[in-house]
Each structure stands twice: as C-alpha cells, then as structure tokens.
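**Q** Following this message is one structure expressed as structure tokens.
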C-alpha cells in the first residue's frame, strides 16, 4: 500500500494526476463562465427567501446572454451587491425604463418587503450590470454539499484528506 510512495516516479505521476483533475475542473468552470457570459454560472441557494420556488441547497444554473431580450419583471435573477461577496437570488418585481439603463427592483418570494434594504448604501435600484445571470434551470438539494462545507469547516479538511489518500493509494 505505502510501497508506491517509495518509487519517486510513481509518486510524481500520482501528484500530476491529481493536478490534472484540478486543472480540468478549473478549465470546465472557466469554459462554462465564457459560454454563459456569467462570472458565476452555477450558484447555490443559501437561504429560504425564494421558497417555494427554490429551497435552501438547490443548485441554480445561470445564463447571462440576453443579447436580444431584456431582463423582465417576473424573471428570477442572481445579483451582486457592492461591498458584499455573496450573490443574492431574487425575483424582479418592478422595472423602470428600458434597455441597458433600466432600473430593476427585486424581492424574495418568501420575503415581506422588497430588497432596497439589501442594496448598497445610497442604491435604490439595481442596474443591468449588477445582474450576474438569470436562472434557467436548477437541481434540487445538490448544493447542500457546499452549505455543509461552509457551515462545518472541519469537513473541508476531512474531504481533502480523503481525496489525498485516494490519490496516494490509487493503483494503476
């Protein structure tokens, strides 16, 4: 089992194999970002603000290539707020104006009030450039792994350790 560590070539090959897996995952993520024109083409719902449409832990697929159509009222979008690094998933409830200069107001389906309190200080509406993408699909509860890893940091260490052991103990 540990004899494979004694051969430096085999250990280097296993290390390169692990690097190949990581770089392939990174390239797939970046490719998906280019195709969808979204810096974050896949996001996880972190709260219950969009219930019953989406549950906590749902994995959302985003699309940001609205070349012909505009962002419309009723559309579920993911947006970033200046100064905060967690994207928010909510529905557009009002739209003022047309084209790239339109102002958008959002609200969670399960929230009592609109999102003006969530926006950056001095910001009353979202601009089109604040939108990360529109939701085009979802996979229920698949994102719960991400939530578990962020809520239990020790779980990251355990998973990385298991992945490392699999790579080291892998037989060819």
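Glycine too: its Cβ is placed from the backbone N, Cα and C atoms.
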**Q** Under Swiss-Prot, the annotation transmembrane segment belongs to which of these stretches: 15-35, 36-56?
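**A** The listed stretch tagged transmembrane segment in Swiss-Prot is 15-35.
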**Q** The topological domain 'Cytoplasmic' (1-14): mean pLDDT?
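**A** For the topological domain 'Cytoplasmic' (1-14), the model's average pLDDT rounds to 69.
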**Q** Restricting to the chain of residue 90 (active site, charge relay system) and a gap of 6 or more, list residues whose Cβ falls under 8 Å of its Cβ, or answer none.
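**A** Within the chain, residue 90 (active site, charge relay system) has Cβ neighbours under 8 Å at 49, 50, 76, 77, 79, 106, 107, 108, 109, 111, 115.
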**Q** When you measure from the Cβ of residue 115 (active site, charge relay system), how many other Cβ atoms are you left with inside 10 Å?
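**A** Step by step: centre on the Cβ of residue 115 (active site, charge relay system), count other Cβ atoms within 10 Å, giving 21.
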